[in-house]
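Engineer: What follows is a structure written as structure tokens; I'll ask about it next.
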Amino acid sequence: MLRGTLLCAVLGLLRAQPFPCPPACKCVFRDAAQCSGGDVARISALGLPTNLTHILLFGMGRGVLQSQSFSGMTVLQRLMISDSHISAVAPGTFSDLIKLKTLRLSRNKITHLPGALLDKMVLLEQLFLDHNALRGIDQNMFQKLVNLQELALNQNQLDFLPASLFTNLENLKLLDLSGNNLTHLPKGLLGAQAKLERLLLHSNRLVSLDSGLLNSLGALTELQFHRNHIRSIAPGAFDRLPNLSSLTLSRNHLAFLPSALFLHSHNLTLLTLFENPLAELPGVLFGEMGGLQELWLNRTQLRTLPAAAFRNLSRLRYLGVTLSPRLSALPQGAFQGLGELQVLALHSNGLTALPDGLLRGLGKLRQVSLRRNRLRALPRALFRNLSSLESVQLDHNQLETLPGDVFGALPRLTEVLLGHNSWRCDCGLGPFLGWLRQHLGLVGGEEPPRCAGPGAHAGLPLWALPGGDAECPGPRGPPPRPAADSSSEAPVHPALAPNSSEPWVWAQPVTTGKGQDHSPFWGFYFLLLAVQAMITVIIVFAMIKIGQLFRKLIRERALG
């Protein structure tokens with residue numbers, strides 16, 4: 001017992017002794033070496049001890065990784081050769097690395113790998129071959145890697161994968177195939193990956209998602225298909241993925257989606273569909289998704305939305321349907337069921353009008369963006385009962401007027417953007433102008449709302465207009481005036497209308513008559529002038545006489 005204890009202690013002390021570190025390397029930790037520079041073909045000449053467990057090589061010169069580079073390193077567990085110029089790996093290079101758990105050959109120039117290169121690494125758990133120039137992979141390359149959990153083949157030039165390539169990788173949890181030239185995935189390619197959690201296939205050239213391709217991936221939580229050329233998705237493609245929480249389908253060529261495509265995706269918390277040429281959405285698309293908080297449908301070809309299209313997304317907080325010029329109308333209940341929605345982005349579309357109850361039931365809405373549309377008017381009750389609303393963006397539309405109480409009963413409102421509209425500063429704007437003058441702090445000063453007309457008021461900020469005018473005509477227009485023979489009446493051209501300090505007075509009709517006798521008027525006018533002159537002379541004469549008399553009295557009193 002004592003002999004065994006002493007033997008273990010001696011072996012431990014021997015192992016704890018630092019090994020001689022090669023001159024071109026750094027050995028900060030025991031059993032670990034970090035080397036940079038030098039020639040790839042002369043790694044064996046570095047004199048690395050065979051009892052190392054970690055080796056990091058980077059910045060190596062161009063060359064072929066030789067078979068004797070790691071001879072005798074039977075206890076090595078982590079080998080990382082990255083950011084170098086390795087063009088190829090000789091057969092048998094890793095034959096002695098029987099305990100290796102991590103192999104990283106990232107960011108090199110490797111174009112091909114020998115078929116049996118990895119056969120001795122049965123304990124390998126992580127394999128990173130990303131950022132190389134691989135054009136193809138032998139179908140038997142990974143057959144012995146039964147313990148592999150992470151495989152990165154991203155950022156290569158792969159355009160084809162053998163159907164049996166991953167057959168024995170039953171413990172795989174991460175598979176990254178992004179950034180390649182793949183156009184399709186063969187049937188059965190992912191049939192053995194029941195434990196796979198993350199599948200990254202974005203930035204390829206895939207044209208379709210075929211039926212059954214993903215059926216074996218019951219543990220999958222993240223699926224990335226964005227930046228492909230996908231035109232079609234098989235109905236029920238995601239039905240067998242009960243744990244899926246993140247799905248990206250943005251930046252593809254999808255013109256339509258199968259009905260009920262996401263009906264069984266109850267655990268989704270992230271779904272992207274933006275930048276697809278979607279022409280319409282099916283009436284039933286989403287199932288109950290209690291965890292989905294964001295949905296973006298930007299840059300599509302949608303013309304409208306189905307009524308209650310999002311009714312099952314009860315926990316949605318952010319919804320964006322933007323940058324879709326063909327979107328010109330929305331149904332009454334487009335956002336029904338979104339009681340938790342906080343941000344609604346509808347900017348940069350082609351909306352010309354909005355239904356009265358579009359925002360009904362969105363009691364927690366804080367921000368709504370309707371900027372850069374073609375809106376000419378808003379319903380009076382559009383923002384009614386939105387007590388949490390803080391920001392409303394209506395700039396860059398074609399608004400001419402708004403109801404005076406359109407923003408009434410919004411206690412938390414802090415911002416209203418109204419610039420770059422076609423404000424018609426006539427009498428009809430009066431009620432809204434009254435509200436605006438009481439809430440100038442809410443309107444952005446960088447792009448203030450300005451009058452588009454009429455006349456001299458064009459270009460003036462709304463709040464710079466003068467106050468109320470008693471002559472502003474009522475809703476039914478100005479009172480009728482007695483007119484001469486109707487045949488002699490002719491309306492004055494708007495350019496000849498009288499100027500006024502108020503923006504709406506110009507709209508009052510002005511008429512002229514032909515052959516009217518104004519001589520009585522002028523006679524009376526001159527008579528008044530004559531009378532006024534006579535009265536003025538009499539007053540001046542009387543004041544002079546009074547002044548003289550006053551001075552005479554003063555002198556007499558002074559002498560007496």
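Glycine is no exception: its Cβ is also placed from the backbone N, Cα and C atoms.
Here's the feature list from Swiss-Prot:
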- 421-474: domain 'LRRCT' (DOMAIN)
- N51: N-linked glycosylation site (CARBOHYD)
- N181: N-linked glycosylation site (CARBOHYD)
- N243: N-linked glycosylation site (CARBOHYD)
- N267: N-linked glycosylation site (CARBOHYD)
- N298: N-linked glycosylation site (CARBOHYD)
- N312: N-linked glycosylation site (CARBOHYD)
- N385: N-linked glycosylation site (CARBOHYD)
- N499: N-linked glycosylation site (CARBOHYD)
- 75-96: repeat 'LRR 1' (REPEAT)
- 219-240: repeat 'LRR 7' (REPEAT)
- 340-361: repeat 'LRR 11' (REPEAT)
Engineer: I need the most crowded of these glycosylation sites: N267, N312, N385. Count other C-beta atoms within 10 angstroms of each C-beta and give me the top one.
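Structural biologist: It comes out as N312.
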Engineer: Determine the Cβ neighbour count for N51 (N-linked glycosylation site): the number of other Cβ atoms within 10 Å of its Cβ.
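Structural biologist: I count 13 other Cβ atoms within 10 Å of it.
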Engineer: Using a Cβ-Cβ cut-off under 8 angstroms and a sequence gap of six or more, which residues of the chain neighbour N243 (N-linked glycosylation site)?
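Structural biologist: Non-local contacts for N243 (N-linked glycosylation site): G218, A219, L220, T221, N267.
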Engineer: Near N181 (N-linked glycosylation site), which residues of its chain come within a Cβ-Cβ distance under 8 Å, counting only those 6 or more away in sequence?
Structural biologist: Q157, L158, D159, N204, R205
Engineer: Rounded to the nearest angstrom, how far is the Cα of N298 (N-linked glycosylation site) from the Cα of N312 (N-linked glycosylation site)?
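Structural biologist: N312 (N-linked glycosylation site) and N298 (N-linked glycosylation site) have their Cα atoms 20 Å apart.
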Engineer: Hey, how far is N51 (N-linked glycosylation site) from N298 (N-linked glycosylation site), Cα to Cα, in Å?
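Structural biologist: Cα-Cα distance, N51 (N-linked glycosylation site) to N298 (N-linked glycosylation site): 56 Å.
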Engineer: Provide, as an integer number of angstrom, the distance between the C-alpha atoms of N385 (N-linked glycosylation site) and N298 (N-linked glycosylation site).
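Structural biologist: Rounded to the nearest whole number, the Cα-Cα distance is 28 Å.
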Engineer: Give me the mean pLDDT over the domain 'LRRCT' (421-474), rounded to a whole number.
Structural biologist: 82
Engineer: My understanding is the cutoff is Cβ-Cβ under 8 Å with a sequence separation of 6 or more in the same chain; which residues meet that for N298 (N-linked glycosylation site)?
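Structural biologist: Counting only residues 6 or more apart in sequence, the Cβ neighbours of N298 (N-linked glycosylation site) under 8 Å are F274, E275, G320, V321, T322, L323, S324.
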Engineer: Pull the DSSP breakdown for the repeat 'LRR 11' (340-361) and write it out as helix, strand, coil residue counts.
Structural biologist: 0 helix, 3 strand, 19 coil
Engineer: Based on DSSP, tally up the residues of the repeat 'LRR 7' (219-240) by helix, strand and coil.
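Structural biologist: Counting residues per DSSP class in the repeat 'LRR 7' (219-240), I get 0 helix, 5 strand, 17 coil.
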Engineer: Return one of helix, strand or coil for N298 (N-linked glycosylation site), based on DSSP.
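Structural biologist: Note: N298 (N-linked glycosylation site) is coil by DSSP, not helix or strand.
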